[in-house]
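Colleague: Can you read through this structure? Questions will come right after.
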Amino acid sequence: MRYIGAHVSIAGGIENAPLRAQEIGATAFALFTKNQRQWKAPALTAKTIEAFRENCERCGYRPEHILPHDSYLINLGSPDAQKLDRSRNAFIDEMQRTEALGLVRLNLHPGSHLRESSEEACLETIAESVNLAHEATNTAVAVLENTAGQGSNLGHTFEQLAFIIQRVHDKSRVGVCLDTCHLFAAGYDLRTEEAVNGMFELFDASIGLHYLKGMHLNDAKPELDSRRDRHESIGKGKIGLDGFAAIIRHPASAEIPLILETPQPEIWSEEITLLRSFEEAQNC
């Protein structure tokens, strides 16, 4: 079975996220655990935590199919010592919030060197940031999201992601979330079944499919290898429906959250139905 959903709003309280996911027919979902535009947020109350857990259980969402995302402000590879410390503290707080909610994974953008340090130094810093977060928490898995390679953001190649993972001490608490738009922007073709199969084979050889903990399903506005992060609705961009059908049918996409971050929330339910139809067609 494929667990397909979207990154839903937490407006009115984080406990509303599973209800919004249910409204669009999702079997998985992503969310922020706080306002992602702010460094600090009030601690989660016992009442909020209980309501969130109850709504997840009532709506049938298991922890492994929920993928919280950390704040975009965080840069775990920052070359600035003060900003790095602030980012690390914020990330630890988000890992702790993830655990408090009873969830098991936290999606993060690896980091950026801001053209002030070498790529290798930045990747080393990111790995050490993850290690420090592990030391300060108990169970949450840090899930590295591949990037589009825009600007000085790292994590756009499988080699860079593997470099980080190799330096994380607790391998059981690190993984990868593959964003299809980012993959395409970074030069990984996804337009055909052959291309998709090749991408997963390369990922397995470079990193290992057992590290794949989730995917973001987004079509891409720009052409292949554009290094531009511009999401498009499923089937409306340069990847196209054949690519997404191949992803849904590939064994690697089973049992992990498959999350839409496409630009039209009003058609998420339609996109979920479309993606699910690819799996149903395979089972016929």
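Backbone N, Cα and C atoms are what each Cβ position is placed from, and that goes for glycine too.
As listed in Swiss-Prot for this protein:
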type	residues	note
BINDING	HIS69, HIS109, GLU145	Zn(2+) 1 binding site
BINDING	GLU145, ASP179, HIS216, GLU261	Zn(2+) 2 binding site
BINDING	HIS182, ASP229, HIS231	Zn(2+) 3 binding site
Colleague: Tell me, which binding-site residues from HIS69, HIS109, GLU145 are within 10 Å of ASP179 (Zn(2+) 2 binding site) if we use the C-alpha atoms?
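Modeller: Cα filter at 10 Å returns GLU145.
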Colleague: Can you grab the distance from HIS216 (Zn(2+) 2 binding site) over to HIS182 (Zn(2+) 3 binding site)? Cα atoms, rounded to a whole Å.
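Modeller: Approximately 9 Å lies between the Cα of HIS216 (Zn(2+) 2 binding site) and that of HIS182 (Zn(2+) 3 binding site).
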Colleague: Write down the Cα-Cα distance for GLU145 (Zn(2+) 1 binding site) and HIS182 (Zn(2+) 3 binding site), rounded and given in Å.
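Modeller: It is 9 Å, counting Cα to Cα.
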Colleague: Can you check what DSSP calls HIS182 (Zn(2+) 3 binding site), collapsed to helix, strand or coil?
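Modeller: Going by the DSSP assignment, HIS182 (Zn(2+) 3 binding site) falls within a helical segment, counted as helix.
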Colleague: Just name the winner among GLU145, ASP179, ASP229 (the binding-site residues) by count of other CB atoms within 10 A of its CB.
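Modeller: When each Cβ's neighbours within 10 Å are tallied, ASP179 tops the list.
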Colleague: In Å, rounded, how far does the Cα of HIS231 (Zn(2+) 3 binding site) sit from the Cα of GLU261 (Zn(2+) 2 binding site)?
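Modeller: Checking the Cα atoms of HIS231 (Zn(2+) 3 binding site) and GLU261 (Zn(2+) 2 binding site) gives a distance of 8 Å.
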Colleague: Around HIS231 (Zn(2+) 3 binding site), how many other C-beta atoms are within 10 angstroms of its C-beta?
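Modeller: So the number of other Cβ atoms within 10 Å of HIS231 (Zn(2+) 3 binding site) is 21.
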Colleague: Give the distance between the Cα atoms of GLU145 (Zn(2+) 1 binding site) and ASP229 (Zn(2+) 3 binding site), rounded to the nearest whole Å.
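Modeller: With distance taken Cα to Cα, ASP229 (Zn(2+) 3 binding site) is 13 Å from GLU145 (Zn(2+) 1 binding site).
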Colleague: Would you mind reading off the Cα separation of HIS109 (Zn(2+) 1 binding site) from GLU261 (Zn(2+) 2 binding site), to the nearest angstrom?
Modeller: 15
Colleague: Name them in sequence order: residues not among HIS69, HIS109, GLU145 whose Cβ is within 8 Å of the mean position of the Cβ atoms defining the Zn(2+) 1 site.
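Modeller: Filtered neighbour residues, in order: ASP70, TYR72, ASN107, LEU108, VAL143, LEU144, CYS177.
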Colleague: What does the structure give for the C-alpha distance between HIS69 (Zn(2+) 1 binding site) and GLU261 (Zn(2+) 2 binding site)? Integer Å is fine.
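Modeller: The separation of the Cα atoms works out to 12 Å.
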Colleague: What whole-number Å value do you get for the CA-CA distance of GLU261 (Zn(2+) 2 binding site) and ASP229 (Zn(2+) 3 binding site)?
Modeller: 12
